[in-house]
Structures are given as structure tokens and as C-alpha cells.
Amino acid sequence: MAGKRSGWSRAALLQLLLGANLMVMPPTQARSLRFVTLLYRHGDRSPVKTYPKDPYQEEEWPQGFGQLTKEGMLQHWELGQALRQRYHGFLNTSYHRQEVYVRSTDFDRTLMSAEANLAGLFPPNGMQRFNPNISWQPIPVHTVPITEDRLLKFPLGPCPRYEQLQNETRKTPEYQNESSRNAQFLDMVANETGLTDLTLETVWNVYDTLFCEQTHGLHLPPWASPQTMQRLSRLKDFSFRFLFGIYQQAEKARLQGGVLLAQIRRNLTLMATTSQLPKLLVYSAHDTTLVALQMALDVYNGEQAPYASCHIFELYQEDSGNFSVEMYFRNESDKAPWPLSLPGCPHRCPLQDFLHLTEPVVPKDWQQECQLASGPADTEVIVALAVCGSILFLLIVLLLTVLFRMQAQPPGYRHVADGEDHA
């Protein structure tokens, strides 16, 4: 309970600090953009893995499995160019380290995507060119080891309560119906691929492999017809909802995407009160990262985030001095980003409303909330063990007492029966 009270007090302190700052802040001349957070998926890549009967194994791909392709590099360079145009006048036209901070998961494809993106966002100008023949400059991308990443690599674990929720999700009518409807289809796919452990939760790997091969001009096997690919795609999208929704979505969010959302909320609050962060904060990650965050925000469209798709948070200071948050999702390269509205708030969402509406899906103490609560059955077991332990303890004490008394009798002493002759 102490951890919970301290969590609520921190949230209340953020609200109080923000409110006090807004009361004393003088009005600005015009509405202005103050801070941007980007979360994007890596670009086009090779398959993460293959299946036993696949004629195309790892050697088919120049850099092996799970690696960014030239197409993926171009996708992120183009996204960087689009961001450069969108934030012209907000960001300096040349790279300034005080303005930008980039963090990536520790995967080759996300690190390289961030580097390609920065090449499009900040081509070197003038003195920044270290070679006149190279229109590129090194810009730092920060990361942590995969095993230590508690911000961008989802699903987060180990988390016993989340695993319990997943087991409960498997018992829901929606999951059970989906499983029964696709039982024969999964058997067919398992037979064609040579996979022995194919389930609703793992079939996305088959779709991913076939999709990557098709994208790169490789011929698919006859069984992978357009109808089969469409069905696999739908099951792939179902697997994302299984991870972060279907059942107890809000609690799953607290254990998953809400962790990242908590950091984004802190950054927005900090920039509205002290302006002590870079103007642009970038996260380079995965489709699961985007889905986890968008499910926590309740703005997920139910489909896998495309390569180089980008979720945008923009913090504005209004002419009144108050702050607002706008969200966008760029999931098509040839169109402007789609406006996203947090449920219960207009697209131009006042910052305090944004914080209030997202509070329920932000964990107060992730480690504590991940623990399993003791139910009635657990209590009965504990009581029974305690009773048995007490009885065993008393028996041991009684036995030791008897043994002690027997050993305490003097040598040669024996009881004399009535009527026995004395020597």
C-alpha cells in the first residue's frame, strides 16, 4: 500500500506543478510548437525466421535474418526528409545536439533505421561536411542491452500477473471461437510448413516470412494462395490484439504500453514546466512497441503498423499560455499523418486533460503490480500448511521431551516391582 500511495502522490505532484506553472506563466504572442516525441517502427527487413520446409533459408538474404534491407533504409531516409519538411522552422536546418535525442532498441534493424532517418532529417550543411563527396554526418543513437530495456521492447517481462492475464485471455469466448474456427486451417499450415507447434499466437511468424519473401520477389509455394495470405494476415493482427487487448485491456496496458506512456507523460509535463529536454525526442523500435502504446492510448486501428510508420506527439503552447497535445500517425508514406484523438478529448487535447485521461493505464509500481494477488484458494492452502506445520512442531517437541527424560535417569536405576525381594 505504501508504494501505491507514493505513486498517487507523484502523479498529484505532477498535476500540481503543472497547474501552478500555468497560473503564473504569462501569455505568449501566438500558438507555438514546443516539443515533439516520435515513435517509429524500423524499415523493411528480412524475415526474422523461416519454417522447416521453406526453400529460402537464411543464406538467401544478404545479411541474414531480421536485418534492415536497402528498401528499409530508403523508407527511413524518406521519413527523415518528411519530418525535416514538417518541422521546418521548429528544428534547426542543421544538426544541433542540444535539440535532438534518439534512443533505439538494441537491434541492428532499429539502430540502422534511426541512422537512415537522421541522414534524411539532418543532411550536413557547410562546416558539418567532413567530406565534400558525402552528404552524411554521424549523429548519435543511444541504446541499452535488450535484457535491460524496460521502455521500448514489448511485451515486457517477466511479469507473472501479465502471464496470468494471458492465460485468462485464452479462456475467453473470442479466443476460443477464433481457435475453433481456424483449427483445420492451422493444421494445414503446420503440415505445409513442417512446424509442429503452430498456434494462434505463433502463426504470425509464417505470415511474416511469406510476406517478406513476396515483397522481395521470391516465389511463394502453391499453398500460399492470396486467400491463404489474407487469412494469415488476419490471424497476425489477432495475435497483436491477444498480446495487449481482448481481455482486461486497461490492466494489460498498465503492465505493458503504459510503461512507455508514463515516460512520455513525464516528458510532456517537464517540457511544459521547465523546458529542460531536447525539442525532439525520438524512439526507434518495433511494431509491437507501437501497438502496445496505441492500445494503452486506445487509438489502435487493429492492423499491424507498417514499416517506417510513425506515431507523433506534439506539445503546443496556446496563446493563452496553456499547453495542449496533438497526436498523429503516419502509416502511409504518400499521405499526410492521420490525426489521432484520445477518447474523451478533442484532437487538440489540453495537457491536463491528456494527463488525467491516461492516468488509469499508467502503472504506479510496475514490479508490485506484476505480482500475483493471493486469492481464496491460496489463503486456504497457506492456512492448511500453517496448521500442519504447527502440529508437526508440537509432535517434535513432545518426542524430544520424552527422549530427554529417558536420558536423564541415573545409571543403574530401575523400578522395583511390588513384592520383589531385596538382596
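Heads up, the Cβ atoms here are built off N, Cα and C, so glycines get one too.
As given in Swiss-Prot:
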- His42: active site, nucleophile (ACT_SITE)
- Asn92: N-linked glycosylation site (CARBOHYD)
- Asn133: N-linked glycosylation site (CARBOHYD)
- Cys159-Cys370: disulfide bond (DISULFID)
- Asn167: N-linked glycosylation site (CARBOHYD)
- Asn177: N-linked glycosylation site (CARBOHYD)
- Asn191: N-linked glycosylation site (CARBOHYD)
- Cys212-Cys310: disulfide bond (DISULFID)
- Asn267: N-linked glycosylation site (CARBOHYD)
- Asp287: active site, proton donor (ACT_SITE)
- Asn322: N-linked glycosylation site (CARBOHYD)
- Asn331: N-linked glycosylation site (CARBOHYD)
- Cys345-Cys349: disulfide bond (DISULFID)
- 381-401: transmembrane segment (TRANSMEM)
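Swiss-Prot feature annotations superimposed on the structure.
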{"residue": "Asn92", "record": "N-linked glycosylation site", "Cβ neighbours (10 Å)": "14"}
{"residue": "Asn133", "record": "N-linked glycosylation site", "Cβ neighbours (10 Å)": "5"}
{"residue": "Cys159", "record": "disulfide bond", "Cβ neighbours (10 Å)": "19"}
{"residue": "Asn177", "record": "N-linked glycosylation site", "Cβ neighbours (10 Å)": "10"}
{"residue": "Asn191", "record": "N-linked glycosylation site", "Cβ neighbours (10 Å)": "12"}
{"residue": "Asn267", "record": "N-linked glycosylation site", "Cβ neighbours (10 Å)": "18"}
{"residue": "Asp287", "record": "active site, proton donor", "Cβ neighbours (10 Å)": "19"}
{"residue": "Cys310", "record": "disulfide bond", "Cβ neighbours (10 Å)": "23"}
{"residue": "Asn331", "record": "N-linked glycosylation site", "Cβ neighbours (10 Å)": "20"}
{"residue": "Cys345", "record": "disulfide bond", "Cβ neighbours (10 Å)": "17"}
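Here the candidates are the recorded positions His42, Asn133, Asn167, Cys310, Cys370, and by Cα distance the one nearest Cys349 (disulfide bond) turns out to be Cys310. The glycosylation sites under consideration are Asn167, Asn322. Their Cβ neighbour counts within 10 Å are lowest for Asn167.
Every protein chain shown contributes to the tally, and the Cβ of Cys212 (disulfide bond) ends up with 21 other Cβ atoms within 10 Å. Counted within 10 Å of its Cβ, the other Cβ atoms near Cys349 (disulfide bond) come to 21, all protein chains included. Spatially close to the residue listed as 'active site, nucleophile' yet at least six residues away along the chain are Leu68, Gly72, His76, Phe107, Arg109, Thr110, Met112, Ser113, Ser284, Ala285, His286, Tyr307, Ala308, judged by Cβ distances under 8 angstroms. A helical conformation is recorded for Cys212 (disulfide bond) in the three-state DSSP classification. Closest in space to Cys370 (disulfide bond), of the recorded positions given as Asn92, Asn133, Asn167, Asn177, Cys345, is Asn167, taking the CA atom of each residue. Cys345 (disulfide bond) sits 20 Å from Asn267 (N-linked glycosylation site), taking the CA atoms of both as reference points.
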